[in-house]
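Going by Swiss-Prot, these are the annotated features:
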type	residues	note
ACT_SITE	Ser61	active site, schiff-base intermediate with substrate
ACT_SITE	His66	active site, proton acceptor
ACT_SITE	Cys81	active site, proton donor
MOD_RES	Ser61	pyruvic acid (Ser)
Amino acid sequence: MVGKHCILELYDCDPARLDDEAFLRTTITTAAKRAGATLLNLITHSFEPQGVTGLALLAESHISIHTWPESGYAAVDVFTCGDHTMPEQACAVLRDELRAQRHALRSFRRETPAAVADTVREPIQLPG
């Protein structure tokens, strides 16, 4: 296994927290630490009239978040490589700190081409 990839949908979150760039920077940093990952860089951007996007570059891969405070919604992506990291822990931090009332988490194992070849019989072609 190369790593784990978590896609997290957060619903009915605290709108003020979703729109607070400094709060999100702190929360993403905490999430990376809780996952056992090494934070290399963190960039965030606030949008007008609302919303924040953040991207944490990890030694093990990345964490990204996009927020829509007006809808109480955040889209989160956590991808970590290696066996020592726990991306689900990062997701739990973000869920709790953003006070999500509901969430949906999808977790995928990322595999090398050799490992995928053992499990995929017919490759799926993307359009275009």
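Cβ from N, Cα, C; glycine included.
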C-alpha spacing of the residue listed as 'active site, proton acceptor' relative to Cys81 (active site, proton donor), in angstrom: 22
Other CB atoms, at most 10 A from the CB of Cys81 (active site, proton donor): 18
